[in-house]
C-alpha cells in the first residue's frame, strides 16, 4: 500500500478534523485502503485501452484524455469579452465530462455495499465514516477537475488577471460539490423509485452516452469554433435560470466584465447559493442514502420478457434443438451479465456514432450532389466493428466457472454452440443498432441507398463469422475477464478491420457499375450460405472438439 | 453461572419488521460469559437479523438490546471494539492482500499497525496461509477466505464473537482446529454466539442451544435439556420436531416421482 500524497496533504488538516469530531487516524486508514483499491480497479472509460500495468496510484489512469480536452478549454478563457457565452460553454463541457465520468467510473465506489458489513460492524462512528466516504469521492472529483481545468486556469491567470483566476478556482470547487450532490440525489431518487437493478442499468446507459460524448466531442469541438462566432451578444432568457453552466458564467460577467443587469446578478448569486443549499441537503440525507443502499443488495425481479421472444426467434432461425438452446442461453446471458454489458455497451455507443463522424462533412455540405450520388453511406460498414468486440467478449464471463457445464452435458459437437451464439449476438446487439443506423442514413441520403443497406445487412453475418474464425475459438462465457488483459487481440483486430474495409471496398466497386449492387447482393447471399455451412460442418471434423477451458 | 453475574448480552422484547413482514416477534435473551451459543433455526427465521441488530447494522427495531450492560442505541460505538464478526456471505475487500486487509481491520479496531500486522502474520501462518499473506484475497479459495474472515474477527482479542456459518468451506482438519479455538476461548470466559445449519457441529460444540422459528424462541437450553424436552435422539430430529417439519419423507418421495415423469431421454 502506498502512502498517498493526498493523505500527506490531508495530514495538515488533522487539527480541523479533530475539532469537527472526526477520528483522524481512522479516517486516514479508511481513505488509504479505499485509494489503494481504486488503483487496482480498471477504469471503464475507454476500457479498451491496455490495462495490464499494475500501477497503484490515483483512481485516474485515463488522465491524458482529460488533459487534452483541458488544452482545448484554453480557447474559451482567451477572449476578453462576452464572458457569459464563453464561460457557459466552458462550464457546460466541464460539467458534462465530470458528471459522466463520475457516474460511469465512480458509481461502484459510491454504491459499494461491502462497506456496510465490513465497516459498520467495527467501532467506527458514523461521522468519521461519512466523512471518509465523502472525502474519498471528493479527492477523486477534484483531481479529475484539476486535470481538466489546469491548463485553462494557468492561461486565465496570465491573460485575464488574478480576479478572474480566483473566481474560476472557487467556482470549480463549487461545481464539484454541485455535481457530487446532484449525482447522489439522483441515485437516491432512482433507488427510492426503482430497484437496484434499474440503477445499474441506468449506469450502463450513462456509459454509452459518455463514449458517444467523447467521440462526438472530439469531432465537434473544433468545428464549433467555425460555426458560432463568439461575438454574438448574450440575451438573458428566462429558462437560463435553470441552466447550471449559466450560473457559473454569470460571476465573470458581473465581476470581470462589469455588466450590471439584474439577470446577471441573480444568476451569479445562484452559482453560490444552490451548491451550498444542496450540500447542506446532502449532509442531512446521508443516513437515508445509506439505508437505501441496502436495496441494491436485493435481487430485483429479472425481467419476464426473456421467455417468449427469444424462444420464437430461436425456433425460426436455428437448425436444430441444440443450436436453439445455445441461442437462448447466449441471449439470456448477454441480457443479464453485468460485466458483459459494461465492456460491450461503450462499444455499442461508439459503433453508433463512428459512421456519422465520417460522413459529417458530407452531410453538412450544401452540395446537392451529396444526396444523389455520394457513396458516403458505405461508412455504415464501420458499425460492424461492434461485432469485433462482441465476438471477442462473448468468451468472457464473471461466472466463467459455470463452464464446467459444457463438459458434463452430452454434447456431441460444438458447432451448434457457436452457431447459436453468433446468431444471438447478431440479433440482439447488431441488428437493432444497424436498423437504427439505417433509419438515420435513409433520412439523410434518401431511399436510393436501400439496396446498399440490404447488402450491408447481408455482409454483417458474414463478418461475424469471419471474426469468429480469425479470433481463437472459445466457448461462450467460459473464460475469466482478467484473462482478457493477457491475451492481446490487437493483431487479429487489425486483420479484421482490414477485412471489413476490404468488404466495404468491394461493395464500392460493385456500385460503380449500374446493377452492381444487386449482383453483390446475390453473391453475398450465396457466400453467406456457403460460409456458414463450411464453418460448421454437420458432423465430426476438428471444430467438433471441445476446446480446453482456459482459466 | 451465578445469578449475581451480569449478562454480557441482554435482549428484551425485540421486535423487528421489514417493510412487508415481521422478522422478530419479541425475542428475550440473556447471554453470559463463557457460553458457546448455537443459534439455529430454519432459513428466514431471523437469525442473521438478530446478529445484525446487535452489531448495529440494522436499525428500526423496537425493544432493548444491551451489550456489556449498555444500551447499544445510545450512539456510542465503543462497544464494537470488544466484538468480532464473521458475516454469512464472505464479504471482504478482495482486491487487497491479506496483509493489507487484516492490518486495516486491526486498525479499525484501534490496534497499532505494526502490532496488527505481526499478529495477523503469525495467525495466518498457524492456519497454513503464510505463503498467501501477500497475495490478493480475490485469488483465494473459499476456505482460505473463510480463514481470513475468522482471523479478522479475532485479531483484536474480542470478548464476544458473532459468527455466521463460521466453518463453511473449511476442510476437516481446519474445522477441528477452529472448534478447538472456540472451546479454548470460551474457557477463557469469552462468549461465542454462532449460527449454523450443520446440526452435528452445533450439537457437539455448543454449551447452549437456542432455536428460533418464525421470529420466536422455541427452545433454549443445553443439548441434554432439549433432548429431554422433546424425547428425540439427535439435534436434527429435535430441529425437525420443533419447527413442525415432519413431511420430509413425503416431499422426498414426491421429488423422486417427478424426476421419473415424462418421456425417457436417450
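From the backbone N, Cα and C atoms, a Cβ is placed for every residue, glycine too.
What TrEMBL says about a protein is an automatic prediction, not a curated fact.
Among the features that TrEMBL reports, transmembrane segment is placed at A:60-78, A:90-113, A:134-158, A:164-190, A:202-221, A:264-283, A:344-364, A:376-394, A:429-447, A:453-471, A:491-511, A:517-536.
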Message: How about the transmembrane segment (A:491-511) with the transmembrane segment (A:376-394) - do they touch, taking at least 3 C-beta pairs under 8 Å (6 or more apart in sequence) as contact?
response: yes
- request: Could you pull out which residues elsewhere in the chain have a CB under 8 Å from any CB of the transmembrane segment (A:517-536), counting only those six or more residues past its ends?
  value: 415-416, 418-419, 451-452, 454-455, 458-459, 461-462, 465, 468-469, 506-507, 510-511, 543
- line: Tertiary contacts of the transmembrane segment (A:264-283), defined by C-beta under 8 angstroms and 6+ residue spacing from its ends, are 84, 171, 174-175, 177-178, 180-182, 184-185, 236, 240-241, 244, 246-251, 253-255
Task: Report, as numbers and ranges, which residues of the same chain sit near the transmembrane segment (A:376-394): CB under 8 Å and 6 or more residues beyond its ends.
output: 48, 330, 334, 340, 343-344, 347-348, 350-352, 354-355, 358-359, 362-363, 370, 421-422, 425-426, 429-430, 433-434, 437-438, 441, 444-445, 449, 452-453, 456, 459-460, 463-464, 467-468, 471, 476-477, 484, 489, 493, 496-497, 500-501, 503-504, 507-508, 511
